[in-house]
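Summarising the annotation, TrEMBL assigns transmembrane segment to B:21-43, B:55-74, B:81-101, B:107-128, B:135-157, B:177-197, B:226-246, B:279-299, B:305-326.
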Amino acid sequence: MTQQTPPPVVELTGVTVEFPPVKALDGVDLHLRPGEIHALMGENGAGKSTLIKALTGVHTPTEGTVVVDGVERRFSGPADARAHGVSTVYQEVNLCENLTVAENIMLGAEPRVLGGLHWRAMRRQAATHLRRMGLDIDPASSLGSHSLAVQQLVAICRATVGDCKVLILDEPTSSLDTDEVEHLFTVMRSLRDDGVAILFVSHFLDQVYEVSDRMTVLRNGRLVGEYVTADLPAAELVQHMIGRSMDVLEAAEEVAERTERPAGATPLLQVLGLGRKGSIQPFDLDLYEGEVVGLAGLLGSGRTELARLLTGADRADTGQARVAGRPTRLRNPRTAMGHGIAYTSEDRKGEGVVDGLTVRENIVLALQAERGWMRPLPRRQVDEIVARYIEQLGIRPADPEALLRNLSGGNQQKVLLARWLATAPRLLVLDEPTRGIDVGAKAEIQKLVADLAAGGMSVVFISAELEEVLRLSHRIAVLRDRRKVAEIDGEGASTAQVVDLIAGGGAA
Amino acid sequence: MTTSAPARRTAARIPVRLDRRYLPVLGTFVVLALMLVVGGTRYDNFLTPAVVSNLFINNAHLVVLAVGMTFVILTGGIDLSVGAVLALSTVVTAALLQAGWPVPVVLPLAVGVGTVIGLAHGVMIHLFQVQPFVATLAGMFFARGLCFLIAPESIAIGDPAFVELASWVQIAGQWRMTSSVLIAAIVLGVAFLALHFTRFGRTVYAIGGGEQSALLMGLPVARTTVLAYVVSGTCAGLGGLLFAMYSRSGYSLTGVAMELDAIAAVVIGGTLLTGGTGFVLGSVLGVLVLGLIQTVITFEGTLSSWWTRIVIGVLLLVFVLLQRVLSLRRT
């Protein structure tokens, strides 16, 4: 900051985007300088995505100016923006898994010979780009054969082909594990040092603090301010983001107080040697009423696979399950539901909410399915249930007729929770319920989980964030390489202890 | 993740680089080879140049249809109109020749009919977001209806120039082919080059892999989608021309359900109906497998020709199941 600051490569002034009657963005400024990592912070629905879309030409601002490299621009779309050096990498990897890595990197800027593709040169150039990313993979292999993390890096690789002045990373880390995040940060830093301006969106505060130089904070479509990361304490940042004090967050801190389980109690669900070939090795697990059991493990360690067996989403090929002491076969989600077992998938969009239906329809979906289509729920009862959960979970907008696709991620998650709570389950399996949602909503969901357990429900809680699992769980099952490797008491367990178990007991 | 990459790389290099993408096509090839071997040992005169030539000659039009269909299916779409368009093209050819139009004018017109219908499909599907199934179904009814409007009866083609065009071509010694086979081979070659060595072709695959992704990658999705249907329509028009050469007539009831044969050939050839995976060579193998079933049943003599349909049905099911297993193992 002591040297002269370079002029910003991207300058947004007073940008307003309206989706009548809503103002999604209201007079927001953004200054991106070359050679900096600039974090864009805000809760869900604060307008981060809208801002990115306004910059890349997906949305047209109704007011304000977008200046890139000193020239005022109105991009016609992402392709146009990219042609002017502004590339975006989205949360979901938007590449084609059926094509080769080389194609995914080079298509659009592919070398040609005699009017056709020059495959050899294409692979060679792709390999060069990959090396710069520190990726040693065969450019001729198909993209689908690589892990999500590698695909994410390939997406960034693609974005930096050609003249890339500005790189926008929208939640690039949400599905990566710690090592992969570190690798990504190394790549980001080296791009920054090459003079690229990086706009970084993430929900992980510690990551933002680790990697960003400056940040812009939004709230409810308005600019809160622009800060130098090092000068802004995390607590203050959170207050800027949520616009209220830390009460809710602190409430969640106190969750871990436990209700004593009576000795000799029958587990609500007991599984013995349950397993599925190619999915997860046989494991034992007891789930008691009033208890939160956390599943900890790296991405791909079998967390989701375990949950899917518990809930009948996948069928086990070995082992048995007992519900309240009675042997039961969990053949499919429907039989599981019949035993009071509910499951919310980690894939909120694909396996959770129906985004073309309204909040009301989504909430009563499971309840209605349980009753069968022959006995429709009376409308008055539906309205009552929906109103109760909207109120209880604080779903915003509090409109039962709102289409789900218009809700933010956190609110979609709440609707999903409401759907299962409406069926009054005895066991609730939550797979990544807090992924990709903002701090405030996260705290609310954590608190809700604790309340549900206190009310006698049995909860299985899966999250990639270890702190969250530790804080909420009474017991923690640790998974590694598709095997349950340990089960520890949640109280008194430390992050270091769990990390040690995940990493292989310190031996590996 | 970087540490495991070199291991994967060497593992992929040492065994003759057999990508699992080629497995379905390889499967089709094995089936084809098996059928030839079994047929060859079971019947005399099965593996003679005449029989093999006939296999190609009888199916040249279907090869062209299947090649066009491959483009559309690779984008994740479907074209139900190709049988009807083929018939329309034969009728247009025959009717115009009957009216005394010169061959050099008739040929491009017959093909052009298909191109125009394909273009209409593409525009409907892309601009108005009509489901490919519905849009091409409408196209199918339209084309079939138009056939009857032009000529309800079969029209024989007697134009000497056209007959000359449809005659035999000496290839080498005993080997004779009709020009329709050569045209089909050229179409295949062009399609192969287009799919694998042009941006258009790769975009076809990209759209099949994920249209949204292709859009965000900045690829010309709109143009490519429309063009895929234009290719299929043009191939159907050309297929009609080949069929007219083959049958020396134009008839509004030709090619009923032929679109289903084309789709079956594409699927047997290893292309996924969901799009994004498959090869045009596989589709040709698929056509040959279908044709060979017919030949075998003719040689068998005692079986009703409807057995062809049953065998095709079974084979289709087996191949789809095989693909299912392969794709399940991948995930």
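Along the chain as shown, the residues are counted starting at 1.
Cβ coordinates are placed from backbone N, Cα and C, and glycine is handled just like the others.
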Interface check, the transmembrane segment (B:55-74) with the transmembrane segment (B:226-246), three or more C-beta pairs under 8 A: yes
Please work out whether the transmembrane segment (B:21-43) lies in contact with the transmembrane segment (B:107-128), by counting C-beta pairs under 8 angstroms that are 6 or more apart in sequence and asking whether there are at least 3. no
Residues of the parent chain within Cβ reach of the transmembrane segment (B:305-326), under 8 Å, 6 or more residues beyond its termini: 20, 23-24, 27-28, 31, 264, 267-268, 270, 272, 289-290, 293-294, 297-298
Please report, as numbers and ranges, the same-chain residues at least 6 past the borders of the transmembrane segment (B:81-101) whose CB is under 8 Å from any CB of it. 61, 65, 68-69, 107, 109-111, 113-114, 117-118, 121, 136-137, 139-144, 146-147, 150-151, 155-159, 162, 232-233, 235-241, 243-244, 247, 249-262
